């Protein structure tokens, strides 16, 4: 029989008492009393923060949005089918944040930055808050570096600078996404990180964009954040903030980034759905009162940082869809007032065969020529004015039978200028090609060429300059300036080519 040693027992008890810790873990727990339509109402969560993440019994995560006197209204980041009345909910004490790292480049992720492309997990050791403060006034610099889109119409007349916010607005099927994707393609080799955020789109449309970028070797510097049409409204609402957070990670490392939000109308609709289900009072077009703040706090995060912060930039190209060209609706007017200009795409122009279908008259860039290379500034000055005068004359000439020679000449040049702005999708032009195209049109070298042959002639001109006059392209690439030497080489080439045409 084992003999019990009282001394041993008492020493073990003393040891246990000495090691005892009075640490009390406080968990804020509540109970679900109503759930449905992606919304849960919870009783008992007394010390919860606005925007805090909540964890339900089945593992579903929610966000506390409405803090009321007797309950908390939360939106669910999932279907929440296993959540029942009486289920317990735990406050996590955390605000929504996502992992960030260089490994995200070339990947397709969802609104929570989790990969959905089947290429395995993404390694990251750092996280950033989805909602973070925009850079302050002292942290910024004025926009002064160009961000080339590769589209003659945009780069010449509605220039975009690094750190700018330029709205792309128009009816459905007018080529809004095409302009955005072309801009991503044109950043190849320019050390710009691109983030494409697809909100409420068909999975097939997103797959098309991914394939288009992959075919052209542009996926290596692009991140795609996808919240498809069948994802819960909460994730569609969060997707743009996730895109901005990923871009911010690179911006604060001194890199240049471009974010495309395609499109913010769908994000506003998702937010309206959430707000109405939470019984927030509806305002104009049934949107909640803070829908302006929804977009302003997102777009204000785009900036050109000061040199002290590394000089990085985030350029935002938000897209907004209009109904029947109505830019005076609630969401379009809100986003127009937040951004630094807009590119307006018209259905009528698109249907008349002019692509990209930009309405030059009401499109504007509030940054202007500060965001243009010297070469473009030199040749593009007269282009917008001449096109505006041409549009006015064209409308007038439909009613006038006999026109004087000067008017006829202006109409004939205008039709050729409009022709040189036409561009096929996914074929952005380099700066030297854009300059030669505009120079030829503005200085009358295209006047003797039939309108239907203008585009073929311009292709021939680019090929001729590349093969026979390589110095022209070299000067523009090295200096970004249209020097006297470059101008004389271009004039020489145009005389040689038009001489052979006439």
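From the backbone N, Cα and C atoms, a Cβ is placed for every residue, glycine too.
Listed in sequence order, the residues of the same chain lying 6 or more apart from residue 176 (ATP binding site) and placing their CB within less than 8 Å of its CB are 168, 169, 170, 262, 263, 319, 321, 345. Annotation comment: Swiss-Prot describes 170, 171, 172, 173, 174, 175, 176, 177 as ATP binding site, evidence class sequence analysis.
Following the DSSP three-state reduction, the secondary structure of residue 363 (site 'Required for activity') is coil. The site 'Required for activity' annotation in Swiss-Prot covers 363.
Listed in chain order, the residues near the ATP site other than 170, 171, 172, 173, 174, 175, 176, 177 are 321, 345, 347, 350, 357, each with its Cβ within 8 Å of the site Cβ centroid. The two recorded residues, residue 363 (site 'Required for activity') and residue 172 (ATP binding site), show a Cα separation of 17 Å.
Counting only residues at least six positions away in the same chain, the Cβ atoms of 347, 350 sit under 8 Å from the Cβ of residue 173 (ATP binding site). With a cut-off of 8 Å between CB atoms and residues at least 6 apart in sequence, the same chain places 205, 209, 262, 319 near residue 177 (ATP binding site), listed in sequence order. Once Cβ contacts within 10 Å are tallied over all protein chains shown, the binding-site residues 170, 175 are led by 170. Candidate recorded positions: 174, 363. Fewest other C-beta atoms within 10 angstroms, 363.
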